[in-house]
Ligand code: DMJ
């Protein structure tokens, strides 16, 4: 007890040799008072000391809000748990304690090497569960019985020439993949000329776009060694816990779409888990007054915004309108209706709005729910919105009547207002700007031939034949856009004005970045007509790709398709492996390889199975 230090303060300062026995009566009295106060304090403290059981039950560590709640309601905070609760808690502590003792005993009986191994295994487990496992509930996915789907792989074509051509395309895939693997493994894309990685800011700091985009192509081409290496990379390295802004659309079509397809083709759970995890990370993009998602999203903060260049802060039709297929499958594989609800709400917003001439403007403000500038395009900014309306209907086993109606109504409006014929008879789809036509067609717009062919069979009012003709005409026009260049590959955009037809007139429209749309249309036309010209046109493209785009490190885009020799842009786009090479391979495969009545392709050519109405084939059909 710290009594001694009190003494000097009770002693007269000038008394040099004072001894305790010489205390005066008043001093003695003060000392007595101090002592008795001290003893009272000690005895009191015994009563005020916390009860040890409360300490153990966490009563002293309860968070302040709980204490506040009690204070506000006037209840005694220390009595917040009933006597039964306290007993249960104590019981649990006792059991945990006994268990810990048992484990410790167990460990002590082990050899030091075994203990070391246990620690290493534990570490490994934590490591494996580490990166990319950030989504909240991804480990609580419902059990889905996987069955191998119809047509995931195909047979060798009987015809020798077709077989040879198909083998050639597989070799091209190998070259593209090997270059990426050697020089850019883990980066988003490859720079095949300078032989290094290339990162696009569309994916923030998510890595491995080419790996995820290529997974299903590797599987479809039966390149299983490469597929396994890619799957291992996904398992160990694909990480969505990034503090970076991504394009919701690009991440959805390439990563979510790629993972979903890889799951449906291979049955590997890691792909389902990763797809759902990423899907959950994209959900905050829908936090807008209308539910129309932002174009850009920071995956960590969940804060979204739109492209600064988009009219009046608008979201883009081809971006928010190209989530439907993937999100329907995410709901199916996760058991969470939220994904489907988000995309169905987009439809609701669109259906409430007036459409100029029945057309959908490319810009829509997510705050006001009003259109931005009245620009309409079946190419960039609009394209895959229309594609997803049709494919939503097909993927639903033709039960999504709303998607069907929206598709055929919008196609009618496009035909009336945007489709035109050039003086030499080439059909093209122009762009619409506030009622005025710009007689330009983008390479991106060339996908429409395939889309119209795919939808022709279900066209209302006996229009099947007419729509097949339109599709064939668009395929021909897009083929012309290739044929009229020096390098036999198509420009980014071509015009039908100023005395030209199907030719790019502006320098910034003359590039070719390995895009798939023209070949995509050849594939659909081939499947529906079996007209050999579509395979021939596809083969022309293969030869041109080999001649002008193939370099030692992979395949490169071109800066000017009208130049007499290639000027490489040094980028091997991930969609070259996901789409261009896959569509080419399927063009030279039999029709029962990924048959169209069982699969729909997302806009990045990732095949997703049709969701059957009667549920008999859930989740996949047996081959
Ligand atoms: C792909 O990422 C998709 O096809 C998308 O819909 C639009 N364009 C590129 C390829 O050109």
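The chain as shown is numbered from 1 upward.
Glycine too: its Cβ is placed from the backbone N, Cα and C atoms.
Range annotated as transmembrane segment by TrEMBL, chosen from 8-28, 29-49: 29-49.
Screening the recorded positions 250, 478, 492 for a C-beta under 6 A from any atom of ligand 1 leaves none. The Cα of residue 517 (active site) lies closest to that of 446, out of the recorded positions 250, 383, 446, 478, 603.
Neighbour density for residue 250 (active site, proton donor): within 10 A of its CB lie 20 other CB atoms from the protein chains shown. Cβ contacts within 10 Å of residue 517 (active site), excluding its own Cβ and spanning all protein chains shown: 24. Of all the recorded positions in the list 383, 446, 492, 603, the shortest Cα-Cα distance to residue 250 (active site, proton donor) is found for 603.
Here the active-site residues are 383, 492, and the one whose Cβ sees the fewest other Cβ atoms within 10 Å is 492.
For residue 603 (Ca(2+) binding site), the nearest of the recorded positions by C-alpha distance turns out to be 383; the candidates were 383, 446, 478, 492. For residue 383 (active site), the spatially nearest entry among the recorded positions 446, 478, 492 is 446, judged by CA separation.
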